[in-house]
Amino acid sequence: MANANIILSLVILGSLCSLANAVYKVGVGRADITGPPVEINFMGYANIKQVGEGLHTRVFARAFVVEDEKGNRVAFVSADCGMMGYGLKREVIKRLQARYGNIYHTDNVAISGTHTHGAPGGFLMHLLYDISILGFVPQTFEVMAQGLYLSIKRATDNMVDGRIFLATTTVLNANINRSPTSYLRNPEEERAQYEHDVDKTLTQLRFVDTQNNLLGAFNWFAVHATSMNNTNKLVTSDNVGYAALLLEKEYNPNKMPGKGKFVGSFCSSNLGDVSPNIMGPKCSISGNECDLLSSTCPSGEGECFASGPGRDMVESTQIIGQRLAEAALNLLNEQSQESTAREVTGDVRFIHQFVDMPNYNGSAYNPLSRKLDKIRGCQPAMGYSFAAGTTDGPGAFSFEQGTTTDNAMWNFVRDFIVPPTQEDVKCHEPKPILLATGRATFPYEWQPKIVSDQLLKIGDVIIAAVPCEFTTMAGRRLRNQIRAAASASGGIEPTVIIAGLTNIYTSYTVTPEEYQAQRYEAASTIFGPHTHSIYMDVFERLTKAMMRNETVDAGPSPPYMNDVMLSLNTGVLFDGHPIGTDFGYVKTQPNKEYGINETVHVSYISGNPRNNLFTEKTYFTIERKINEDRWKVTYTDASWETKMIWHRTNIILGFSEVSIYWNISPQTLPGEYRIRHSGEYKYILGGKYPYEGLTQSFIVKED
């Protein structure tokens, strides 16, 4: 009996120790945010020809919520989308407050985009960013708003006593600087402090419960999600999304993609000048080197395009994603030499302020003049080199990166739309203005003027939520500034994480030195040469106020524009099918037998996928026979191994077909399989009706 009491006492003591170590309440959640996969342009490359034709992977929002012992709470979301718009965040906060009251609000919720260039657009609510999408797309906006809300709701509902660990590792061969000549404009003594011209550090926050069960892992790494180039027309979460799928598959065994308790995310950071196309830029026809300053090729040698490490863009996406996932997995593996995790401790704080950038006046150290200068913002404007595009996705016409002089013809076109003032021209020098977006008001605001600046503090970790794409050195300087301000005001030496493309999107931010080069990133720094200096000033002030528990003025709210949105996108009028068939009719049956690494192709008479997005569901399933009465789903439309491609066969009569492809990987179990497609069709007299199609079964042979 005495031994039993001793054992019971030890169990109770151990439980109390576990609770004592539960510094926080933590929760993670995930939700589907896949928009219409067809007939809607993708957001990212601004390519009018990049219209969705189907689905490679679904896209998700992944969230974590942290609350300290005093009840201070923050929520962070990383979403598989190009970037975030404030109209969308405002709607998410509205839905959260309808459910939870004032627990969540603008100040303590941060929503960041991974920057995939392969997801449907039309949700940003500023004309310049939606114009290549043909305007606002309500269906995209709604599925994203609900999915973002659900990810935070699920994280909230999953909150438990837990702990947080931080770890870092170096990832080589996953990113390069796509504007190296601009980077070289930064002071030599500053560049000498860093080994590389891009950040190679992956920073991970690991969330566990009191029993050390893994709940989730969020990883920040600076790289553009542009392994899939502007010829891709299938919805994709790109390299960082694939990394997330691999990470979640490891800790959610036997679960379909997007399912399971463990949530793993790869989030954007200071990726402004950072490309995953690590083989570098070459002339697309000749294969020769591009001009380094202008990223152009001689006549007849093609466009200056950078490529990834694979044989094609899909394999390149896999390779970069695998390298990121392996780095994150090594950090999670406590036996790995890469595991250098330390526990995060301390209180939770947050601070937020809206800043009117064109009307900002202040002072900051000018690295060019090496003295304290007055700084001010400019009205938003895009430079000539913006139209040149990047080596990840070249632009149109004859524009070149590095352009610092204007052109009479293009100035005439610009002035026909809306002319800049002489003050604008002077303010933006040496940027020649191609689009005076800050002066354009028809039919509504073209680019934001009010930005969202935010800090989330979790113990000795500070997440700086920036509303744009900071370049490598711009991000390094901001991290150093925040770290120094936190040390001076709060006595801590925090790890500072840059969370890019958060809350509202305002294109790029480069250093003052990089601005002089006027490559794509500088031409897209919309508030002029002092943009970075303003952010340095604002975030230093916010850091000091947060560390001292001081409040700041909320600042002017961005305008409400939901009721003035313009859209040239039409809805689905009706669906039809050829005589003698019906919706779901299998037009192309599978072969009787397949081997490993072969591809199954089937097709169906279908309705338009926009009739039902099958959110949190799937347009198709690949099923394996278990016994005479049971088939098990083995792959869905969220699986990397599958693709769905839709096309119209008769526009007038509304006929269309959907093709499904399954690449049989070496991990596939042999056996009998079939493919089921689900959809909805729109009747010409109104109403939507479900249909289903099922193929004949087929055999996958042993390898």
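Going from the start of the chain as shown, residues are counted 1 onward.
Placed from the backbone N, Cα and C atoms, the Cβ positions cover glycine too.
Keep in mind that what you see is a predicted model, and the values were worked out from it rather than measured.
The signal peptide annotation in TrEMBL covers 1-22.
Annotation comment: TrEMBL describes 24-536 as domain 'Neutral/alkaline non-lysosomal ceramidase N-terminal'.
Per TrEMBL, the feature Zn(2+) binding site maps to His115, His224, Glu469, Tyr508. For His115 (Zn(2+) binding site), the number of other Cβ atoms no farther than 10 Å from its own Cβ, over all displayed protein chains, is 26.
Residues or ranges marked as active site, nucleophile in TrEMBL: Ser275. Other Cβ atoms within 10 Å of the Cβ of Ser275 (active site, nucleophile) number 23 in total over all chains.
According to TrEMBL, the domain 'Neutral/alkaline non-lysosomal ceramidase C-terminal' annotation covers 539-700.
Apart from His115, His224, Glu469, Tyr508, the Zn(2+) site neighbourhood in this chain, defined by C-beta within 8 angstroms of the site C-beta centre, holds Ser268, Leu271, Gly272, Val274, Cys468, Gly500, Leu501. For the pair Ser275 (active site, nucleophile) and Glu469 (Zn(2+) binding site), the Cα-Cα distance reads 13 Å. Mean model confidence of the domain 'Neutral/alkaline non-lysosomal ceramidase C-terminal' (539-700) amounts to 97 (pLDDT, 0 to 100 scale). When Cβ atoms from all protein chains are considered, those within 10 Å of His224 (Zn(2+) binding site) total 27, not counting its own. The Cβ of Glu469 (Zn(2+) binding site) lies under 8 Å from the Cβ of His115, Asn270, Leu271, Gly272, Gly500, Leu501, Ser507, Tyr508, Thr509, Glu521, each of which sits 6+ residues away along the same chain.
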